[in-house]
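Engineer: Below you will find the structure I want to go over with you.
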Amino acid sequence: MRRGIYKKKITLFITMMLLLSFALVGCVPKSNSSSSTSKTEGKWAGQKIKVQMIGDFAMEDKTDPVTGETAKGMKVVKEEFEKQHPGATVDFVLMPWEGYTEKTQAMITSGEADVYQMPGVADFAPQGVLEPLQPWIEKDKEFSLDIFIDNQVDGWKALGTDSKELDIFGLPFLGDTRFIAYDKKIFDDWGVEYPSENPTMEEIAEKAKQMTGKNPKTGEQNYGIWFRGDWSSAFTLVDLAEGQNGTWGTGFAWDEVKFNLDSPEMLNGLNWLLEMQKYAPKGIVSNQGNEKWLSKDNNIAIMLNQGPGDTVKPAYAQGLGDRIGIVNEFKNDEGRGGLFAGSPITIAKSSKNKELAWEWVKFATSDFVQKFVFEEYGAIPAVKSATEWESVKEMPLMLPVFKAMETPMTPRYPWGSSQPRFILTSEIEAALTGNRSAEDALKKAQKESTEWVENR
Amino acid sequence: MANNSMEAANTATQSVNTNTHTESKTMKQKKRSSQWTWYIFLIPSFLGILLFMVYPIAESLRLSFFKSNGTIETFTGLANFRTVLTSGPFWNSVWNTFYIGIFQIIITIPLGFIFATLINSVSKGKNFFKVLYFLPNVTSIVAAAMIFQFVLHPEMGILNYILGSLGLPTPGWFSDPATSKWGVILLAVWHWIGFVIIICLANLQAISSEMYEAAKIDGASGIQQWFFITIPNMTGTFAFLLITGWIGALQRFNEVYVVGGPNGSPARSIQTMGAFIYERGFTGFEFGIASAATYIMFIIILIFTFINLKVSKMKI
């Protein structure tokens, strides 16, 4: 009798556990991950790596919501890598940009993947969780850093656990940059000359002023300029300071960082933004007012601090590729300035198959993958050879993008995703909304950022 | 012969007793074992609670005493609590949370109650109005926040268009720190009012009609009935709405994150306590500070809920 009850209990328990397991397995979206069993033949037999990627990537084919075109899935890349590396298996963990920092942190802490796409490499390298890549580069005679667009490798250098020297922990995978975009039609309507390749603050201000008001041809209200007064305003302001040969400060390791947020160049930059606000639509501090940009009814002449992802492919998709122009952000006398952005790939220190992980890093920076992610997903390549691709030549807007990628400030701003950025952003917003004078706002930002660094 | 029959009877009685005893024992065992069976059913949810609630709560408490970026940890004692409690942005976020919460509650509960009374008094179309008012509540707050950004657009928004047509000033809403909190309050009121109406309606329908009939016989007017019968009978519901409303308001995160990002743009004017925790934890890798802020927020909610319970005299 007892044995019968005991058996029933066990059966019930096992059934419950199985149901729970099925439910959990069923919850994992098929399209966002891939897994395969190990292979037993070939040079890389039995070796398996897991690669984490961030963005709009999908394993299966999917339709682009902007262009309506079908994008091939990452399974193509997987098949090619496994073909080139017999016996090897690569699995993917694909995630969206939303919350990628915390997800990456959780994954790397638990040793979930071997290779990571990691824009926050400067934050992870000091944790000692990343493999330094310099020895791998030196050991591999076939590989050269010359394949990358100038400045891209330097931009991703970071400090290791106890190091005082910047080191390579990530290689450029996806390119990104910031530039000034403009609408040629509005310039033509107003009879204003297009911005020069490296415009100054005075030039942009003058042109923005000229093109604010009723369009002489269409009679519609036009605005000379637009910039985000919230999320990315700290980068816009720092670029303005760099355009006057100023800096945000110095240092890379936190104990060496010295802020210079209330410098005369920063103050001049913020006052310039306050002046430019007069020629912008309402709503710049809430990311509003630019709704018509990249539409045929666009009413904004100049857009500051734009990125290629939101500009190039959408412009061609709307049939406005010829109407949009791109010029550099504000640069210092050495031709440098602006935010360094993009995504490097890194190898986790905990990876058990580092040889194969390194093979993946090389493969991901090869023309095959770089071209694939550009053509299928609109991701910006980080390699010089991209300028020769037919698909790039079909989009002439890509050429100034590649140029802009060569000249941002490197290494990446160490405060780019930390408290000082949010402190500065909030103070710029306070100035733009008239809650504080430009001088007081920057003094407050300087004081609070310095205190934060001292207390961390 | 007689003795024999007596013995047989005794033996039979003993046997019956033993059988009854054994049966009752078996029944008890059965009961106990069937009780244990149900505990097995609870294991999955218990494991879930243990893994996804108890462990994070305990881990967060531990983290609040450490300087942690996720992998490297240093014990700092109460330093994180001191940092949070002396941080200007934290107290600003407390102020924002309470400001938005207070106005959401003092607008929504009375307004929802008035709407519920009106819906309750109509003879036709009751269900239509219930559905109409409850719809916002089943809408995702994230989607609603995005729509409200268009509705409250400073130049192209429908609300400013109406205000402008009436010759009234057109505020900047989310682009002005002076009005951004009111933008969030409008959104919160719109989203929550359907729930308040449904709860109030449920209570209104439960009030005995005999009370109203008796009041009518005594010559009470409609307003008098509302003040002296309806409202006193609604106190339990008001207390419930007050407490649940406050807990929700103090945890506010989703809509302010969609509208103003983690730092509550513009100028931290809509950054709530939840957003402050997110900003420090997930954008700056300051997990210790974020954990300490979480516990401070927990204590604030605890104290405030206790005060609410006392004020509303609600029994739990």
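From the backbone N, Cα and C atoms, a Cβ is placed for every residue, glycine too.
Just so you know, TrEMBL annotations are computer predictions that nobody has curated.
The following feature annotations were taken from TrEMBL:
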- B:1-28: region 'Disordered' (REGION)
- B:1-21: compositional bias 'Polar residues' (COMPBIAS)
- B:36-58: transmembrane segment (TRANSMEM)
- B:94-308: domain 'ABC transmembrane type-1' (DOMAIN)
- B:98-119: transmembrane segment (TRANSMEM)
- B:131-152: transmembrane segment (TRANSMEM)
- B:182-204: transmembrane segment (TRANSMEM)
- B:225-247: transmembrane segment (TRANSMEM)
- B:287-309: transmembrane segment (TRANSMEM)
Engineer: Report the listed stretch (B:36-58, B:131-152, B:182-204, B:225-247, B:287-309) having the maximum count of Cβ pairs within less than 8 Å of the transmembrane segment (B:98-119).
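Structural biologist: Stretch with the highest Cβ contact count: B:182-204.
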Engineer: Other than its close neighbours in sequence, what residues sit by the transmembrane segment (B:182-204), given a CB gap under 8 Å and a spacing of at least six beyond its ends?
Structural biologist: 100, 103-104, 107-109, 111-113, 115-117, 119-120, 130, 133-139, 141, 144-145, 148, 152, 171, 173-174, 230, 233-234, 236-237, 240-241, 245, 248-249, 252, 255-256, 259, 270
Engineer: Can you name the far-off residues of the same chain, 6+ from the ends of the transmembrane segment (B:131-152), with a Cβ under 8 Å from a Cβ of it?
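Structural biologist: That would be 115, 119, 158-160, 173-174, 183, 186-187, 190-195, 197-198, 254-255, 258-259.
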